Every structure is written in C-alpha cells, then in structure tokens.
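Now, the feature entries from TrEMBL:
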type	residues	note
DOMAIN	10-321	domain 'FAD/NAD(P)-binding'
DISULFID	46-51	disulfide bond
BINDING	179, 180, 181, 182, 183, 184, 185, 186, 202, 266	NAD(+) binding site
DOMAIN	341-449	domain 'Pyridine nucleotide-disulphide oxidoreductase dimerisation'
ACT_SITE	439	active site, proton acceptor
Ligand SMILES: Cc1cc2nc3c(=O)[nH]c(=O)nc-3n(C[C@H](O)[C@H](O)[C@H](O)COP(=O)(O)OP(=O)(O)OC[C@H]3O[C@@H](n4cnc5c(N)ncnc54)[C@H](O)[C@@H]3O)c2cc1C
C-alpha cells in the first residue's frame, strides 16, 4: 500500500475514469505504488454518465422495438408504455453493480484512492485539500465535459446535455438533437424507440461524419425508415425557451419547436484551473498535448484519455492507461494504433468500423491501389432472420492487407472485434477467406466480404 506521507509514490494519477483507473490497475499489478485522486466517483464518465448508462437505455429501447415488431415474428404482444422510473432503476442497478466491482478491484490491488478535487502543483505533485502528494510520475486523466456552442446556454431543463438526458424522469414528446455524432445519434435512437418525435440537426453533410460515407448513408436510411428526422448541412443559430419547450432557429431560416433541445456537439477537455498551465504543461485549446507515448512536454507528466486531442473512447483510455503504466514499469509496450481502434455507434441500426475509410485509403495508398467489397446484409441468413438491413464493407490494399472494415446493421458492434483482429494483424483477404464463419451468423457477412475480395465470392450478387 502506498504511503504518500512517507515520500514520493511511483505514480500519482489525477482522475479516476477509464484512463486513470486502468493506469492505476496496471501499474499496481506491475508492483508500482499508486495514488489515484478522484473528486467524484471511480469509473468517471464512461461508467456513470456515458457508455454504460446509455447502452442500458439503448437496450431498453430495443425491447420496445421488439414489442412493436413482435407480430412480424408471429408473437402477439401489447405495448403498455415506458416507465422511466423503472428504466432508470434498471440502468442504475447496472451502473451500481459495475461500480461496486471496480471499487473492490481498486482496493484489492492496494491502490490508495484520495477523494477530492486535485490540482497539479509541480511536475511531480498533485495537491488535494491541502495535502501534497508527491510522485515520481504524474498522469493527468481528468477527462472531458459536454461542450456547447458560443451563446448557447444550457439550462439543464429544456436545453440539456447528455448527462441531463440520462437523468430524465419522463419520455419527452419531442426533441431536437443538436449534433449528429455518436452521442446525438444514440439518444435520437433511444427517444424514437420510446415514441418521441426526434429531429437531428447536423452542420456537416452526414450523420456520424467521421465514419465512411457509405456507413453514414446507411444509417441515414435506417433512421429515415424509423421516422427519425434530420437536417444535414444545417447550422444552429439560436434557441428560445417557451412555455412548452424550445424554439430552435437554424441558419437556413427555419425553426423547430420541441419539448427539449439536446446539445451533443462534442466534448471539451477538463483542464481549466487545474494548475496545468502554471506548471508549464503544453496545451492547445485546453487539450493536453502528448507524443505517441502519451508524454507531455514535461518528462514526468503523461496525459491520457479524453484530455488529449484525438479519439474520445473508453477503450482508448484503457489502452493508454495500460501503455503508460507499462512504460513506467520498464516494459516496452507498443504505442496505440489509433486508426485501428474499433468504433461503434450503438443506435438502431448500429454502425461499427475499424481502420481507415475508403476516402482515406485512396488518399494514403493511391486510388488505383485500393480495392473494396460491400456485402449487403440482404444476402446474410441471420440478418434476414432478425429482419435487419445494412452492409459490411471491407477495404484492402490491392495484393495487400485489409485496411478498413465498415459495418451497419443491428448487432454489428459485436462483429467489430473480429474486424479489429483482421486490420491490426494486417491480414490479407485471402487469410480471412480461408477461415470458416459459423452459419447462420451475422459474422458470415464479414467472411463473405473477404471471400469476394479474395476473388472467390460465394453468396454475393454482382
Ligand atoms: C453519453 C456518452 C456516451 C458514451 N458512450 C461511449 C461508448 O459507448 N463507448 C466508449 O468507448 N466511449 C463512450 N463514451 C466516451 C467515454 O465515456 C470517454 O471516452 C471516457 O470516459 C474517457 O475516459 P477518461 O478517463 O479520459 O475521462 P473520464 O471518464 O471523464 O474521467 C475523468 C475523471 O476525472 C475526474 N476529475 C476531473 N477533474 C478532477 C480533479 N481536478 N480532481 C480529481 N478528479 C478529477 C472526474 O471526476 C472523472 O471521474 C461516451 C461518452 C458519453 C458522454
């Protein structure tokens, strides 16, 4: 057990979210003494306000959809409504169980947790409530917060963030979702399933704009079918709260009335007022700058997770935390390959991807050097059984490895794990083509796309 009063510990971590706690667990496992400073609850955004509670809502929403669609499958059922108190109790029970497990794990590894708001006071120390904790190394892992737009004030009642949305005690009648990224699309999906009238406003040309354009278009088709409205290439210009909700004005001159406005325009770094600037940590727009080993410009300080520029995903935070811990313990870990991090939007339909988009592949390898196959889920038995539609697109370098996999359809999030092995191990289509996928599963679509890329398509229509 680290005794900070007795001298410097090996590692002080500021922030106990996905990145911070993963670093703590791995460092302790490797025999380092660790102090973890957390002002709120261990587990951070992901466990309490992000991944886990949103996916619980999405699961409950899926059950609503199943009930509505049950007759298609020969099952007669009656939908009697959504009881948000019970939905929230279920969601909280999942979060609570995982929180208990995490707290136990941290304790079992002998990590000292200091509860309180920490502040960086030197290249090797963090102060919490008057106590200065010295470490040979410091990891900054203070995460991110829901951003807004200039002049757009969040009142947490009618103009809300994702945190507020997770705490709603009712199903709203109508919502405008500002931002068609992952978080906006997931909430749009949940609320539509629950029966709300939903309109997404996105400034860029497509929903989930970081995804391959083909995936965005399939998601848009899926949302359109479900009655989720969206306005693309449309910028927000203002919002007024009314007795009934909000009136949202858009730069195209139109207005939208709704009960709620969810602001889902991205997440900014939690770095202001925490001593980073005073200690001399290099930052840009509040994000802490790091090299590929996650070191800041100060050799004794690393930064991980949502706080540094780049992908904001829990599993990236885990990987970065583990990486820094292993470096500090004298191991020689491989840096994170950010292109090959799997990404999932858990809406209905789901969007999952790993590797580069077709546009990036063409830019990187040359348009003539890239080949791709799209396998429509219409040809996949299990997808037909589930009545889901979508596609699997696999991109490869000609006579070379697979460099991108992009999928849309229900449950494709579960398929991305195989896809990330393929891209990370730089498998060739022919390597994957000879591997047998179980029938009937959705994974066969991935196998079929590789068979086609390897020149031996099976169930693929031209
Ligand atoms: C609605 C939503 C849904 C999401 N869904 C997914 C998903 O499905 N999959 C996925 O991979 N990612 C998802 N994410 C992203 C994921 O939650 C984040 O990428 C991840 O939590 C980042 O981890 P982190 O450790 O960098 O920061 P955080 O998890 O934000 O943790 C930072 C911690 O630092 C603490 N802290 C901050 N300042 C101080 C201080 N001064 N002193 C002490 N403690 C401090 C905070 O209390 C917090 O606990 C979602 C995010 C949101 C908002």
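Glycine is treated like the rest: Cβ placed from N, Cα and C.
Keep in mind that this is a model prediction, so the values were computed, not measured.
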Contacting recorded positions for ligand 1, chosen from 46, 181, 439 when the Cβ sits under 6 angstroms of any of its atoms: 46
Secondary structure content of the domain 'Pyridine nucleotide-disulphide oxidoreductase dimerisation' (341-449), with strand meaning DSSP E or B: 44 helix, 31 strand, 34 coil
Extent of the NAD(+) binding site in Å [max Cα distance among 179, 180, 181, 182, 183, 184, 185, 186, 202, 266]: 14
For residue 46 (disulfide bond), the one of 179, 183, 202, 439 that lies nearest, given that the recorded positions are compared by Cα: 183
Distance [Cα-Cα, Å, rounded] between residue 439 (active site, proton acceptor) and residue 181 (NAD(+) binding site): 34
DSSP state at residue 46 (disulfide bond), helix/strand/coil: helix
The residue listed as 'active site, proton acceptor': tally of other CB atoms within 10 A of its CB: 11
Which same-chain residues, if any, lie at least 6 apart from residue 185 (NAD(+) binding site) yet have Cβ under 8 Å of it: 200, 207, 208, 219, 223, 345, 347, 351
Of the binding-site residues listed as 179, 181, 183, 202, the one whose CA lies nearest the CA of residue 51 (disulfide bond): 183
